[in-house]
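Enquirer: Below, the features straight out of TrEMBL:
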type	residues	note
DOMAIN	10-206	domain 'Poly(A) polymerase nucleotidyltransferase'
BINDING	PHE89, GLY90, SER91, ASP102, ILE103, ASP104, ASP159, LYS220, TYR229, GLY238, VAL239	ATP binding site
BINDING	ASP102, ASP104, ASP159	Mg(2+) 2 binding site
DOMAIN	211-356	domain 'Poly(A) polymerase central'
DOMAIN	358-539	domain 'Poly(A) polymerase RNA-binding'
REGION	530-612	region 'Disordered'
COMPBIAS	533-542	compositional bias 'Basic and acidic residues'
Amino acid sequence: MGVEDEQKWGTTPPISRALPTEAELRQNESLLQELRSRNNFESAEETEKRKQVIAHMQKVTEEFVRQVSRGKGMNETAIEASGGKVATFGSYRLGVYGPGSDIDTLIVAPKHVNRDDFFAHFARILKSMSPAGAIQSETSVADAYVPIIKLEYLGISIDLIFTSLAQDTVPDNINLKDKTLLRGMNQTDLRCINGTRVTDEILSLIPQVKSFRFALRAVKLWAQKRALYAAIYGYPGGVAWAMMVARICQLYPMACGAVIVSKFFHLMSIWTWPTPIMLKEFEDGPLQVQVWNPKLYRTDGLHLMPVITPAYPAMCATHNVSLSTREIVVRELKRANTITDAIFAGTKQWGDLFQKHTFFTEGYKYYLSIVSGSRTKEAQNIWSGLVESKVRKLVVGIEKSDTGVQLAHPFNKGFKRIHQCSTEEEVDKVFQGDLSFQVSKEEYEALENSADATDKDADDTSSKNGGKTVLYTTTFYVGLELKAGLTKKLDISMPVADFRRECAMWRQFDEKLNSLRIVHARNYALPPDVFEEGEKRPEPSKSKKKSSNGPSKKASKSTLDSASTEAPTPESRKRTAPEDTTPVLSHKKPNLSATDSMNGVKPSLESEVRLP
């Protein structure tokens with residue numbers, strides 16, 4: 001049989017079927033040692049613990065279905081036959097999980113059990129069937145794009161999503177790859193079940209699972225170290241990175257893991273986006289649903305970095321990617337390609353590829369701090385999750401407006417903090433980003449451990465500790481890269497106002513509990529806890545002599561320190577010297593209460609940068 005008759009993986013023939021050379025195998029072993037040194041592999045004991053937790057979730061799922069069925073008046077025979085299934089997807093199902101990895105879990109139920117039942121009863125039943133304290137945290141986001149319950153269970157992070165099938169029973173051995181099971185599903189159900197279906201399809205479409213898993217571990221570690229691993233912020237998520245690696249495996253079916261990594265960075269760094277990455281041709285199915293096709297659907301044509309799922313119906317896994325996040329990813333891919341070339345040339349080591357990001361230390365002069373806050377831990381867990389899911393919309397809003405921002409770079413996680421205040425004035429300062437009342441790490445852990453009981457026993461909306469009000473905040477950061485030669489004021493008032501208004505329209509928003517402020521920060525004024533030990537913090541520029549073009553740097557700093565993201569009062573306008581030409585991100589402070597600022601009644605928020 002000739003080469004032309006050999007199996008074709010993916011949508012095109014392979015680039016090379018060459019077997020690994022001795023030098024490539026040595027690089028493969030070197031990469032393996034680097035991953036091991038970074039604790040990338042989980043111990044056998046921890047893996048066994050995961051298996052036991054999943055087995056327990058299966059029992060809980062069956063009991064959940066029984067209780068809901070009984071509550072809806074079904075007879076015992078039908079109740080016992082109803083079944084229920086737990087299926088995993090993501091990194092756990094792909095076999096690339098490590099210490100601290102979460103378990104993406106799908107709960108599958110028969111047609112008489114719906115999503116409202118899932119959010120109303122599943123966590124309660126899990127708690128009743130688990131040891132005391134097993135559920136260390138629980139956050140439900142029922143109105144997310146993919147509705148989810150996030151758990152910390154026995155030290156393992158678990159993301160639970162739900163779907164129901166249009167049939168009376170769900171046996172444990174049901175094959176979720178069967179396309180006929182999709183009949184009767186809405187778009188939310190399809191998004192939920194496709195996680196498992198996509199994962200299984202990926203594993204069936206690659207020539208060597210071992211090389212795929214090895215390469216994906218390296219790419220995942222790189223993406224995490226470079227702060228590129230978070231679909232919620234507009235970066236490729238775990239499944240997207242997996243599909244991108246899988247496509248390289250198809251193009252080099254005989255290559256070892258280290259070569260796959262090198263080829264990945266080379267091809268992805270020169271990829272002509274928005275040409276899509278696809279693992280197979282589109283397939284037909286039984287549903288009258290939209291299958292990704294930019295020629296037919298305008299919204300599909302707007303996707304900037306499309307990576308298409310192989311399971312029917314085909315969807316874009318990277319629909320969240322924006323102009324800014326695509327540019328950031330491409331820059332990082334080019335950097336990684338340069339490094340891997342040097343590694344194979346013998347002038348660099350694999351450790352150089354996994355160097356930590358420089359987002360806070362060298363990234364930008366100007367940052368936006370998105371401060372979400374609540375008066376109870378439980379309320380903050382929900383509220384901060386909602387705000388986090390909207391950060392990418394602020395980025396897109398800044399991109400679309402004529403603001404003078406070249407790139408808005410969202411960091412891929414928030415920073416949780418706890419504060420203790422004695423007065424409402426101090427509370428308002430905290431909600432504006434003031435860290436003067438932040439507790440120490442030791443106090444943080446003590447307050448975290450007691451927060452659940454405090455939330456339940458509180459008579460008002462505040463958690464009390466020694467007569468002080470305990471506040472919980474999560475701050476998200478966006479770095480701003482300005483357009484070259486910008487000489488006008490940078491006004492981001494409209495995208496900021498739209499973002500805050502959309503967050504405040506959330507149906508569970510409670511003005512007595514929740515707060516949201518967007519404030520600026522210069523790089524040298526970033527809080528200490530965003531830096532790791534040994535990292536050098538940016539320093540302010542040395543003072544320059546006052547010139548005829550504006551005041552001194554010291555005067556500019558005064559304006560900076562008193563800044564806010566809210567609407568300016570007439571008095572604050574007068575206080576700001578118009579002739580100041582020093583680069584300053586200025587958000588002038590309003591005469592508004594915390595409640596007013598969240599009600600969307602002041603849309604004229606002003607945020608500006610004055611540049612020479």
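Please read every residue number as a count from 1 along the shown chain.
Every residue, even glycine, has its Cβ placed from backbone N, Cα and C.
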Enquirer: Express in Å, rounded to the nearest integer, the largest CA to CA distance found among the ATP-binding residues PHE89, GLY90, SER91, ASP102, ILE103, ASP104, ASP159, LYS220, TYR229, GLY238, VAL239 named in the record.
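Expert: Taking every pair among PHE89, GLY90, SER91, ASP102, ILE103, ASP104, ASP159, LYS220, TYR229, GLY238, VAL239, the longest Cα gap is 19 Å.
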Enquirer: Among the binding-site residues PHE89, TYR229, which residue has the largest number of other Cβ atoms within 10 Å of its own Cβ?
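Expert: Per the Cβ count, the most surrounded site is PHE89.
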Enquirer: List, in sequence order, the residues of the same chain other than ASP102, ASP104, ASP159 whose Cβ lies within 8 Å of the centroid of the Cβ atoms of the recorded Mg(2+) 2 site.
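Expert: Filtered neighbour residues, in order: GLY90, TYR92, ILE103, THR105, LYS150, SER157, ILE158, LEU160.
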Enquirer: State the count of C-beta atoms found within 10 angstroms of the C-beta of VAL239 (ATP binding site), not counting that atom itself.
Expert: 23
Enquirer: Which of the binding-site residues SER91, ASP159, TYR229, VAL239 has its Cα nearest to the Cα of ASP104 (Mg(2+) 2 binding site)?
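Expert: Smallest Cα separation from ASP104 (Mg(2+) 2 binding site) among SER91, ASP159, TYR229, VAL239: ASP159.
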Enquirer: At the Cα level, what's the spacing in Å between PHE89 (ATP binding site) and ASP102 (Mg(2+) 2 binding site), rounded?
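Expert: PHE89 (ATP binding site) and ASP102 (Mg(2+) 2 binding site) have their Cα atoms 11 Å apart.
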Enquirer: What is the average pLDDT across the domain 'Poly(A) polymerase nucleotidyltransferase' (10-206)?
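Expert: Across the domain 'Poly(A) polymerase nucleotidyltransferase' (10-206), the average pLDDT comes out at 95.
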Enquirer: Can you tell me how many other Cβ atoms are located within 10 Å of the Cβ belonging to ASP159 (ATP binding site)?
Expert: 17
Enquirer: Name, in the order they occur in the sequence, the residues of the same chain whose CB lies under 8 A from the CB of ILE103 (ATP binding site) and which sit 6 or more residues away.
Expert: ARG50, VAL53, ILE54, THR88, GLY90, TYR92, TYR97, ILE156, SER157, ILE158, ASP159
Enquirer: Since the record lists ASP102, ASP104 as binding-site residues, which of them has the fewest other Cβ atoms within 10 Å of its Cβ?
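Expert: Per-residue Cβ counts within 10 Å for the binding-site residues ASP102, ASP104 bottom out at ASP102.
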Enquirer: Which residue counts does DSSP yield for the compositional bias 'Basic and acidic residues' (533-542) in the helix, strand and coil classes, in that order?
Expert: 0 helix, 0 strand, 10 coil
Enquirer: Just jot down the residues in the same chain as SER91 (ATP binding site), at least 6 apart in sequence, with C-beta under 8 A of its C-beta; none if empty.
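Expert: Once residues fewer than 6 apart are set aside, SER91 (ATP binding site) is near TYR97, SER101, ASP102, ASP104, LYS220, GLY238.
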